[in-house]
Amino acid sequence: MSQTVSDFPVGRLHRWDLSGFKLALLTALTAAPLAHADAPLEYFLHSAGPAATPTMHLGWGLTAMCVAVVVIIAVLLAGALMRRRPPTAERVLGKEGGGMAWIYIGVGVSTVALLVSLFYTLVTLEAVAQPSLTPGLTITVTAYDWWWKIDYGDDTEPANHFATANEIHIPVGVPVKISLKSADVIHAFWVPRLAGKTQAIPGQVNAQWIEADAPGVYRGQCTQFCGSQHAHMAFDVIAQPQADFDAWRSAQVRQAALPADGQVKDGQKIFMDRCAGCHAVRGSDAAGAQAPDLTHVGSRQQLAAGTLTNTPTHLLDWIEHAQQIKPDSLMPSFTLNVQDAAALSAYLATLR
Ligand code: HEC
Ligand SMILES: [Cu+2]
C-alpha cells in the first residue's frame, strides 16, 4: 500500500521531535559535570583531591536523598489526589482506618534518613579532618582586603622564605598544610575542588590542608563577605609535578636582579619614590609590607586577585586606574607621564 504525503502521521513526527529534545537535554545535563572535569574554575561537583572527595560524595549523597524524598512525596500526593472517594454522604470521620500506618511509615523513614545523614556527615568530617600523611610543606596564607599574601617558609630560615600573592603553588599528590590568618576583617579561604571552606579570622591561626591528585590550576575565592571588593578576591592554586614545583620555588627564592640599563634604573627610582612604601621588592630597598610582594610579579598569571590577566598592558592599566578597575582597593591610581610610564613598565618587566 502506498502512502501519500497527507497520510503521513504529523502528530507522531511532532512527538519524535520532542523526545529528541528531551534526550539532548538529558545528555547535556548528565555530561556537563564530566565535560567540566578539567575546568580551572570553582567547580565543586568534581573534586580533585582527597581533602575534597569525601565532602563531594556527601554532597551528591544528600542531594540524591533529597531528590528521592521529593519524588516519593510527589508520587504519594498525586496518588492521594487521584484516588476515588466515596460520595460525601457516606464519608465517616475516623473510621476509614489505614491512615495511621502512613504516619508511622513517614516518621520511621524520616528518622532513619536523618540518622543516616547525621552519621554519614560525621564520618565525612572525620575523613577530611587530617591528611593520611603528615604534610611536608606548610604555607602561610594571610587574607587582606582584598588580596591574599602567600608565605613559603618563615623567618627562622631567611634563605628559604619568600612571599608572593594570590597564587599558591603546590606539588601534586602531597598534602600541604595551609596556616590561615587575616590582617583585617574575617575572610574565608575556599578552593572548591581541593577542600572545604575555612575562615580567616583576625588574631587567630586556622588550619586547613589541600592536596591535588593531578597537575592543574584550581581556582579559589574568598567566601565570606569582606567589603566592596569581596568578589574580586580570587586566587589560583597551581599544582605541579614535584620537579616543576622545586624549580618554581628556587626561582621565587631569588632576589630581584639589580637594574643595569638607564631606563630600568629610572623606573626603579620612580618605584622607590611612589610604590615602595607599600610594596616590597626583595634585593632592593623597597620593603613595604601592606601590599603584594612584587619581587616576581611577572611570574604570576593574574593581577589584583584574579581581576586582570597579567600582561604588560594590564599592568600599566592597573597602576594608572586601580581605583576604576577595583574601586575602594587600597592601591591608589597613579598619574604618570608617558616617559615615566615607560620607565616604570621597563623596571616592572625585570621582576619575573
Ligand atoms: C598605598 C599603598 C600602595 C601604593 C603606594 C602602591 N600600591 Fe600597588 N597595591 C597596593 C595594594 C593594597 C594592592 C592589592 C590590591 C588588591 O588586589 O586589592 C596593590 C596591588 C598592586 C599590584 C598587583 C600585584 C598582584 O600580584 O596582584 C601591582 C602590580 C602594583 N600594586 C603595583 C604598584 C606600583 C607600580 C606602584 C607605584 C606606582 C604601587 N603599586 C603603589 C597598595 C599600594
Ligand atoms: Cu575576603
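Residue numbering: from 1, along the chain as shown.
Backbone N, Cα and C atoms are what each Cβ position is placed from, and that goes for glycine too.
Look at TrEMBL and you will find 1-37 tagged as signal peptide.
Taken from TrEMBL, the feature transmembrane segment covers 61-81 (among others). Residues of the same chain lying 6 or more positions beyond the ends of the transmembrane segment (61-81) and with a Cβ under 8 Å from any Cβ of it are 113, 117, 120.
Marked as transmembrane segment by TrEMBL: 101-123 (among others).
Per TrEMBL, the feature domain 'Cytochrome oxidase subunit II copper A binding' maps to 134-251.
The domain 'Cytochrome c' annotation in TrEMBL covers 262-352. Look at the domain 'Cytochrome c' (262-352): DSSP puts its residues at 42 helix, 8 strand, 41 coil.
Taken through DSSP, the domain 'Cytochrome oxidase subunit II copper A binding' (134-251) splits into 16 helix, 56 strand, 46 coil. Tertiary neighbourhood of the transmembrane segment (101-123): same-chain residues 54, 58, 61-62, 65, 69, selected by CB-CB distance under 8 Å and a gap of 6+ residues from either end. In the predicted model, residues of the domain 'Cytochrome c' (262-352) average a pLDDT of 95.
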